[in-house]
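Below: one structure, written as structure tokens.
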Amino acid sequence: MTLDLFADLPPQPFHEPITEGAMLLRVFAAQEAPALVRAIETILAAAPLRHMQTPGGFRMSVAMSNCGRYGWVTDRRGYRYQAEDPLSGQAWPPMPALFTALAARAAQAAGFAGFDPDACLINRYEPGARMSLHQDKDELDMSQPIVSVSLGLPATFLFGGMERADKPRRMRLESGDVVVWGGPARLLFHGVDTLPEGEHRLTGRCRYNLTFRRAR
Ligand code: MD6
Ligand code: FE
């Protein structure tokens, strides 16, 4: 029998390049995941999750809220960032220091120094929810990366190309995984496949995704 010296260690972070400009940091946020989920719950008490409408009038299956100086919203008037929560007319809850620090650390690890997000979108997927292929292009400065943190139930992330019709690669994202993308990957089409049924010890029957961005 071989002695496994690593048997008692938690999984170690592992950096997987996805494509030029995009990096998967596996397990990167696993240690702070419980604290992240608690912080999300506090934010959602002040700015509740809601199913927003697309400009075309469809109800999104993913429920959303935000924290930080700007929040991403969509309604019949279009996609945009705004400083006030349309439900309350009040500013979005501030971004916790834990969030800002994690986003900067992840960006740094992927080669983007000095990332200072002013917007954090909180997505909640229940089983059956999905996000169709899209590009993130409502931000002002496309030289800034995006940092995306997965928490709770695993999901299949879809990584497409520069055209909507490009066949996407599929990648399983687990709780604590972080994806950073910028540079030549910044405008790639991407989405999330329909979330399967499941139960996770941190979040119950859902997946949360935090996406950190520099909006303005
Ligand atoms: C999600 N994420 O993972 C949806 N966008 O729930 C995104 O749409 C996304 O993860 C830009 C960059 C990273 C992302
Ligand atoms: Fe996106």
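Each residue, glycine too, has its Cβ placed from N, Cα and C.
Annotated features in TrEMBL:
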- TRP72, TYR79, ARG80, TYR81, ASP138, ARG164: substrate binding site (BINDING)
- ASN123, ARG124, TYR125, ARG207, TYR208, ASN209, LEU210, THR211, PHE212, ARG213: 2-oxoglutarate binding site (BINDING)
- HIS134, ASP136, HIS190: Fe cation binding site (BINDING)
- 116-216: domain 'Fe2OG dioxygenase' (DOMAIN)
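Shown on the structure are the features that TrEMBL records.
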| residue | record | DSSP class |
| --- | --- | --- |
| ARG80 | substrate binding site | strand |
| ASN123 | 2-oxoglutarate binding site | strand |
| ASP136 | Fe cation binding site | coil |
| ARG164 | substrate binding site | coil |
| HIS190 | Fe cation binding site | strand |
| TYR208 | 2-oxoglutarate binding site | strand |
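In this structure the C-alpha atoms belonging to ASN123 (2-oxoglutarate binding site) and ASP138 (substrate binding site) are separated by 17 Å. The binding-site residues near ligand 2, defined by a Cβ under 6 Å from one of its atoms, are ASP136, chosen from TYR81, ASP136, ASP138. Each residue contributes its Cα atom, and for LEU210 (2-oxoglutarate binding site) and TYR81 (substrate binding site) these two points are 16 Å apart. Checked against ligand 1, the binding-site residues ARG80, ASN123, ASP136, ASP138, TYR208 give ASN123, ASP136 as the ones with a Cβ under 6 Å from it, listed in sequence order. Note: the CA-CA distance between TYR81 (substrate binding site) and HIS134 (Fe cation binding site) rounds to 16 Å. Around the Cβ of LEU210 (2-oxoglutarate binding site), 24 further Cβ atoms fall within 10 Å across all displayed protein chains. For the binding-site residues ARG80, HIS134, ARG164, HIS190, the largest tally of other C-beta atoms within 10 A is found at HIS190. Residue pair TYR125 (2-oxoglutarate binding site) / TYR79 (substrate binding site) shows a Cα separation of 20 Å. Each residue in the domain 'Fe2OG dioxygenase' (116-216) has a pLDDT score, and their mean in this model is 97.
Straight-line distance linking the Cα atoms of ARG164 (substrate binding site) and HIS134 (Fe cation binding site), rounded to a whole number, equals 7 Å. Cβ environment of PHE212 (2-oxoglutarate binding site): PHE99, ALA103, PHE115, PRO117, ALA119, CYS120, ILE146, VAL147, SER148, VAL149 lie under 8 Å away, each six or more residues apart in the same chain. In the structure shown, across all protein chains, TRP72 is the one of the binding-site residues TRP72, TYR79, TYR81 with the greatest number of other Cβ atoms within 10 Å.
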